[in-house]
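S.K.: Sharing a structure with you now.
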Amino acid sequence: MGFLAGSVLETLGICSQIQYIRFLLPLGSFQTDRNLYIRDEHFGNVPVRIYEPKHPYTEPRRCVIYIHGGVGMFGTIRAYAAVCRQLALRSGTMVVNIGFRLGPEHQHPAQAEDCLAAVEHFLKEARNYGVDPNRIILAGDSSGGTLAAAICNDLVSRKHVPKIQAQLLIYPPLQTVDVTLPSYQQNPYAPILTRERGIRLAARFRIRTKEMIDLNGAMKNAHVPDEVAVKYRKWISADHIPDEFKVRGYVPIVPAPFSEKLYKLSEISFLPENCPLLAEDDIVRQLPETFLLTCEYDILRDDGLLYKKRLEDNGVPVTWLHLKKGFHGIMFKIDLILFQYQEAEHAMKHIVDFIQRF
């Protein structure tokens with residue numbers, strides 16, 4: 001409903017859809033907590049919010065660096081207060097939420113640049129915050145999961161900063177090579193992130209033009225050259241999705257005729273920093289232990305399944321949790337009564353258990 005109302009307001013010239021969604025998202029989120037020290041700082045030029053449990057500790061503690069979702073346009077530090085508060089409270093862990101610049105005011109890749117700068121800054125300064133640099137987990141949900149995975153890819157080759165000990169990815173989008181995978185077909189009208197909305201928002205975020213894309217062509221992979229599809233079929237294909245995830249209905253779709261125009265508009269999406277699934281094996285095998293959350297009623301479910309397979313094929317330990325009744329964004333308002341879901345509570349318990357291992 002928020003997207004629809006925002007679209008109406010934009011049409012009427014009152015405010016943009018993006019501005020309206022940004023207004024809505026923080027509503028109802030508690031920004032303080034008597035059991036936490038919560039403060040806003042800057043890591044260089046990047047704003048962050050730090051959630052620190054008040055209970056005393058005798059040795060350097062662990063930390064979760066959290067990159068929020070919102071397609072690089074909607075999410076904010078205030079909007080993601082619920083998730084970060086609950087992670088800090090339930091796991092007894094410091095949480096750092098990165099307030100990166102948002103599009104379309106700040107074009108991609110400003111978001112990735114801010115997140116990488118903030119992560120590197122904290123890795124170097126961790127001890128000054130009472131944090132053991134060898135107990136840092138990089139987490140992200142939705143598009144924040146994309147950024148977290150891409151940063152982990154980047155950091156494996158950097159020798160001047162401590163290693164990330166684990167990555168925690170919550171229903172992340174990890175590729176745009178094939179948007180006809182079973183999960184895209186099965187969940188075209190799933191809550192929050194419909195198939196059309198997901199493709200349209202991703203295009204709006206990454207494409208540096210106001211020109212409307214051919215949505216019908218994009219939904220049938222018309223943006224993918226044959227050589228690209230063939231090259232990455234070893235990693236991205238419905239053939240790699242377990243049969244149990246095809247029972248709700250899956251029919252292989254013949255790609256629409258290739259569109260050079262659509263490819264030129266979307267080719268930035270094929271870069272590994274935007275599609276972590278396209279990282280080479282010598283990068284993937286160096287990645288840290290991973291927690292991966294997928295939801296059955298989510299167009300991005302199969303991105304997670306394919307990433308799980310790639311990690312395991314390269315010897316990376318994976319803790320996988322699949323919510324059979326879950327949908328995209330289910331964790332967003334984890335501490336609000338009107339938005340409490342049993343599946344979200346189940347997921348939070350497993351996430352906390354994973355964090356507390358480090």
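Using the three backbone atoms N, Cα and C, a Cβ is placed for every residue, glycine included.
According to TrEMBL:
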- Ser142: active site (ACT_SITE)
- Asp298: active site (ACT_SITE)
- His328: active site (ACT_SITE)
- 64-197: domain 'Alpha/beta hydrolase fold-3' (DOMAIN)
- 274-331: domain 'Alpha/beta hydrolase fold-3' (DOMAIN)
S.K.: Using Cα coordinates, what distance in whole Å links Ser142 (active site) and His328 (active site)?
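M.R.: Approximately 8 Å lies between the Cα of Ser142 (active site) and that of His328 (active site).
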S.K.: For the C-alpha pair, I'd like the distance in angstrom between Asp298 (active site) and His328 (active site), rounded off.
M.R.: 5
S.K.: Within the domain 'Alpha/beta hydrolase fold-3' (274-331), count helix residues (DSSP H, G, I), strand residues (E, B) and coil residues, in that order.
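M.R.: Within the domain 'Alpha/beta hydrolase fold-3' (274-331) the tally stands at 20 helix, 19 strand, 19 coil.
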S.K.: Same chain only, sequence gap of 6 or more: which residues have a CB within under 8 Å of the CB of His328 (active site)?
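M.R.: Within the chain, His328 (active site) has Cβ neighbours under 8 Å at Ser142, Tyr171, Ala190, Pro191, Ile192, Leu193, Cys295, Tyr297, Asp298, Ile299, Leu300.
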S.K.: Using DSSP, what's the helix, strand and coil tally for the domain 'Alpha/beta hydrolase fold-3' (64-197)?
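M.R.: Here the numbers are 52 helix, 25 strand, 57 coil.
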S.K.: 10 Å Cβ neighbour count around Ser142 (active site)?
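M.R.: There are 29 of them.
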